[in-house]
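What TrEMBL lists as compositional bias 'Low complexity' is B:1-11, B:23-32. Residues or ranges marked as compositional bias 'Pro residues' in TrEMBL: B:12-22. What TrEMBL lists as domain 'ABC transmembrane type-1' is B:103-295. Taken from TrEMBL, the feature region 'Disordered' covers B:1-36. Summarising the annotation, TrEMBL assigns transmembrane segment to B:42-63, B:107-129, B:141-160, B:172-190, B:219-240, B:274-295.
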């Protein structure tokens, strides 16, 4: 992540040196004069890549006048790759990325404002609250098409053995119930006999902490009424979720401290072995569970617990959706938007969602029978998707720097027990506000 | 009190020591020295074995992972050998990504850039060693400094230069970048080898009427063989493994290199298609291993030649 800051600086320096003159429009010609648009896709799972490629082939067959070339991208270093391409004037025309990147790229002048380009049908397909995840400073920089809530992947056998009530989207657990159940499911016999109610994969602690703070009515990052000034606050609602994790790891020992440095996928072997009864993971992790779990392993997808006293009954959680954007340098922006419209038509959205094991953003797509089935927990994901809202990280200029330099080390220290809540608050707020102050105006 | 009293009545006399093998010089001290030397050598071999196991562990684990089923990959008690070995990971890797094509791209780009890098570095290193001046010293210092720049600081200016040369999304462009990127270290490596060649050999050649260029070709270059091979290996492996330049500079799917293709098995937030990724990674290590295997003999042979002549 340090690389991102360095590269941003390098990009700014290059831009200041007059590199703008080098920018040229994208959208080359496909041999016989028909425009060819490059579509950078970050799909990576087998079904998802196939779905994307099939849809591109369908488009090309129906639209000989505008050909689209599928370009496989990679989540690894995509921010740096795009930033370099933008600066050098060789960016792809249609870009698949994550919502949190749109702030940097939009304010940098690299992405087209889609506000006046979107067809009415596409606008109405996606709820207004979801559009807000890709809009800032009055401009719309991407079409959100997939979103990923956090859910609980649970070992049904262990839960049944403890005689606990299984929650559903209509009747989720509260965080308090969750803590009680985790304590009940934990036992410590020493060594490999230890079992934990849950495990918190905190290799990237900032987004998880921000997004789940919403369940208790906090958001940590606030904007003033004018939308210009970002302020960090860490009151009791903001810190409730962080305190819960610290309690589970440090006091109750119902979550292992060893998991704090790991990613979600690293915890799956322990989950299959019964070492962790429940894992709070992204909805798409079901694919890995389904693929890797032993034959006898009985698992279930549960909604995330809810906070008390928060709007929406504490069901809201923040997300940074996957988006489709158009490069500002693209010569054929209208054709690019038509392609995005094609990709996000309801049946296509459903197919992309199935391929990525994630909920789509489209209202009709969310109701599709293939996605509301109880099989593999799809219904839970669709039900909780109604409450997803924009992550507090979205549209905050300076967020990457605050996250890398201030919040990540501070939260890692706090979760591991190295610093107190007061100390964490001091770092996040005092040091954090200094960072955001530099991005004002 | 005598020694017998101190031992007590129950003390049993120690059995006589087994006869020692006669030492080469027949003295008991020499026998001890030989035994100590053998023990020392055994310790060295043991330490070397431990080190080799340590070095080989990632590769062996990678190979083992490539043959495991998804269920075995998800096991909390992983085994060294796959319990149910499968080729599915290789099949999936080949089905999903153009591995062979990307390997050929990498081979071409890394091979050519390594050869060019060494070809440029040899005369430059020779000049820097044999013609000592302020400029050559400054050049040597600059080489060191240039190694400290992070990639990200040079990538945007480099991108723009290549764009002006119409070398973006071009294998030639990427090869040129690798030449520039590996050249400083190649120069640094070769300087050491050139310095080790005695000047007196060139002076003797000059007395026999050899020009400096001829002396370089006929006298210095053969003695530099191990250095050339080592530098070639270094340049090849650096280019073969490089990821970021390849990611940024090559856009067309048919031109992408192996290291870039490998990241297509990775998802957001650290998610990974582990089996196919391991299978593809095993394939990605093969060319480097083959390259080493082919050139290792030459490297060792060259070293021995140098040792004898020295």
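Easy rule for this one: first residue shown is 1, then count along the chain.
Using N, Cα and C of the backbone, Cβ positions are placed for all residues, glycine too.
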Thinking of Cβ pairs under 8 Å, which stretch from B:42-63, B:107-129, B:141-160, B:219-240 has the most of them with the transmembrane segment (B:172-190)?
B:107-129
Hey, which of B:42-63, B:141-160, B:219-240, B:274-295 has the most Cβ-Cβ pairs under 8 Å against the transmembrane segment (B:107-129)?
B:219-240
What residues in the same chain, six or more past the boundaries of the transmembrane segment (B:42-63), come closer than 8 Å to it by Cβ-Cβ distance?
80, 278, 281-282, 285
